[in-house]
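In Swiss-Prot this protein carries:
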type	residues	note
SITE	T48	site 'Part of a proton relay during catalysis'
BINDING	T49, I208	pyruvate binding site
SITE	Y111	site 'Part of a proton relay during catalysis'
ACT_SITE	Y137	active site, proton donor/acceptor
ACT_SITE	K166	active site, schiff-base intermediate with substrate
Amino acid sequence: MSTRLISGSAVALVTPFRQDCSVDTVALRQLVRFHIAAGTDIIIPCGTTGESPTLSMEEQSRIIRTVKEEAGEQIMVAAGAGTNATDHAVELAKNAEKAGASAILSVAPYYNKPSQEGIYQHYARIAEAVSVPIIIYNVPGRTGSNVAASTILRLARDFGNIAAVKEASDNMAQITELLEERPENFSVLTGEDMLILPFMAMGGDGVISVAANQVPSAVKRLVEAARTGRLDEARAINTRYRRLFRLNFIESNPVPVKYALALMGMIEEVYRLPLVPLADENKRILKEELQSLGLV
């Protein structure tokens, strides 16, 4: 493990729903126990993979409290709490902190495409409103705009509780700049399972992973092997699971991973609109891969 606060293998946790689309807290507790047993370092509920845009603030609070109660002090809980309206993002962050989150993952403002100064002011307002560590989530493919390395580094230097970035830009030049120029206590994590091996080899601190929902032990071993320079071992793990990493995005996340978890008997296959079940052909492809890995 890195000496930085935010590091290792973090799971971007799904939100299990019952058939009536209400939150299934029984399944949620079982998922938390699954990750404790697997050695996952951080659980992140209420993020993109947790269908956060469809959750009410009351549901966000209940999910975070449930995860925190089940996790206790065995595993860090860093909750998703972001949106594109700054005042609402502040409200979500304060709500997550009150519910017991030990850190907050806050997605960059989306759709309205603010300038870099606007992005800076957005995160500055959040940092001033809460005391827990904040993870910036940069995912241009979903938000429509990139948080520049210079903006991330400025925030990291100006605010002690801006502790990390989940970098999902696939921009290796930006990742390199962040790793080389960051403050000593600032963590850089990848949001791409397919990039864990090269990212860790470059000096990254960990991953916020979708595949960790299905194979948490494997993701943990991959991160640790790559971090400690056991590259042959890391390559072997990566080779075994890289097709699963890719198939988790055969359609929009979290649809494939929730289908997989349903096949594994861990949750019901229920989504909230506008997400809908996988196409039949994609179900067949993903199921075959899960069978080849011995997961179903």
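Just so you know, glycine gets a Cβ as well, placed from its N, Cα and C.
Annotation note: Y111 (site 'Part of a proton relay during catalysis') sits in a coil segment as assigned by DSSP. Cβ neighbour count for T48 (site 'Part of a proton relay during catalysis'): 23 (other Cβ atoms within 10 Å of its Cβ, all protein chains included). Within the set of recorded positions T48, T49, Y111, K166, I208, the entry lying nearest in space to Y137 (active site, proton donor/acceptor) is K166 (CA atoms). Within the group of recorded positions (Y111, Y137), the Cβ with the highest number of other Cβ atoms inside 10 Å belongs to Y137.
Spacing of T49 (pyruvate binding site) relative to the residue listed as 'active site, schiff-base intermediate with substrate' is 14 Å (Cα to Cα, whole number). Each residue contributes its Cα atom, and for Y111 (site 'Part of a proton relay during catalysis') and the residue listed as 'active site, schiff-base intermediate with substrate' those atoms are 19 Å apart. Note: I208 (pyruvate binding site) has non-local neighbours A10, V11, A12, I42, I44, G47, L105, I135, K166, L189, T190, G191, i.e. same-chain residues 6+ apart with C-beta under 8 A of its own C-beta.
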